[in-house]
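Participant: Residues annotated as domain 'PET' in Swiss-Prot: 92-199. Annotation comment: Swiss-Prot describes 133-164 as region 'Disordered'. Per Swiss-Prot, the feature compositional bias 'Basic and acidic residues' maps to 155-164. Under the heading domain 'LIM zinc-binding 1', Swiss-Prot lists 234-297, citing sequence analysis as support. The domain 'LIM zinc-binding 2' annotation in Swiss-Prot covers 299-359. Per Swiss-Prot, the feature domain 'LIM zinc-binding 3' maps to 362-421.
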Amino acid sequence: MDLENKVKKMGLGHEQGFGAPCLKCKEKCEGFELHFWRKICRNCKCGQEEHDVLLSNEEDRKVGKLFEDTKYTTLIAKLKSDGIPMYKRNVMILTNPVAAKKNVSINTVTYEWAPPVHNQALARQYMQMLPKEKQPVAGSEGAQYRKKQLAKQLPAHDQDPSKCHELSPREVKEMEQFVKKYKSEALGVGDVKLPCEMDAQGPKQMYIPGGDRSTLPAMGAMEDKSAEHKSSQYFCYCCKLSMKEGDPAIYAERAGYDKLWHPACFLCSICHELLVDMIYFWKNEKLYCGRHYCDSEKPRCAGCDELIFSNEYTQAENQNWHLKHFCCFDCDSILAGEIYVMVNDKPVCKPCYVKNHAVVCQGCHNAIDPEVQRVTYNNFSWHASTECFLCSCCSKCLIGQKFMPVEGMVFCSVECKKMMS
């Protein structure tokens, strides 16, 4: 398929999740409706991951595409109908062994994802070492957390040009090369094993905090150690604490098998969230989630959340923007050369600011223009003018004077305050 056809087929899937309730705004949101080019809801401005959108198949397609043309093809299966790679995530059902007596129902726990290991006991141990609120038990807070992190850490628009907004043929080609490069140089999936299992594969360099990683203790010296001391020879690369004997550890092949992590320590070095499904990116001796690895390589547009492959873009408020996406967060009007105000780190044009965000003057009850000086005390504001910042009793101008605030009113003296009591 040539680049022109790829550009024509680009779409953001606006029907996907339409009407889904917002888990954050509740009834304040009328239901999810995807903005034309921003990755947010048009109604409440929250992201899709904040809405109760059923995305199991879509997420499996996204992760499947991520693993396509990599060494991790064992984690995907292609649908016979359209050849789309699907992520074969390992769903684990654990049975609680309490059904020895009659009339006792079997208690089962379903995990929406579990490490793909043959030893179910090892997988169970892995899950128990995660914070309870992050264990992906079906229907739980942990399952919702996993779903949110899949959307946040592995955005589809970081790997698939068809999920981006109006890329040029040159940008499509550059993005495809970028994706191919990070798949071959940085992408990996963690491996859960017992540290002692790695010893069976031959001598390994062991990471010891503060030690010389290039040398190994003499084998004779290692054999003389007690079992208790042996268990302390393994240290977590993240927290630097020792690993307990018999506990599972996570290895990352790209990092080298001399490094290992506690399950709860296998985190992105930037956002410090659990690496979803143990999918990591390795760079400069650090773990990254997909989003923050890409951020370390390319600028990201603060408007559309996509990586910028254009040679021309703008920088404002310590953020990067496509030229066409430096727009008012409320009305989408272009802000280049216009006055704007930052509201919650989002640029808003002057008319929208006055209409939707400006504080109201306690004196004249009109919105205060962002370019006009004002006086603020607690949650109350006034125009800093002789017409507005006045004593609520005698109308004396209080600019530069002492005043007494009382529930949105200001007084020049105790006498004036008493007269208004």
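Placement of Cβ uses the backbone N, Cα and C atoms for every residue, glycine included.
Note that the structure is a prediction, hence the values are computed from the model and not measured.
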Participant: May I ask whether the domain 'LIM zinc-binding 3' (362-421) has at least three C-beta pairs under 8 Å with the domain 'LIM zinc-binding 1' (234-297), counting pairs 6 or more apart in sequence?
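Facilitator: The domain 'LIM zinc-binding 3' (362-421) and the domain 'LIM zinc-binding 1' (234-297): touching, no.
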Participant: Going by DSSP, how much of the domain 'LIM zinc-binding 1' (234-297) is helix, how much is strand and how much is coil, in residues?
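Facilitator: So the counts come to 17 helix, 16 strand, 31 coil.
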Participant: By DSSP assignment, list the helix, strand and coil residue numbers for the region 'Disordered' (133-164), in that order.
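Facilitator: Secondary-structure breakdown of the region 'Disordered' (133-164): 21 helix, 1 strand, 10 coil.
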Participant: For the domain 'LIM zinc-binding 3' (362-421), how many residues does DSSP put in helix, in strand and in coil?
Facilitator: 6 helix, 17 strand, 37 coil
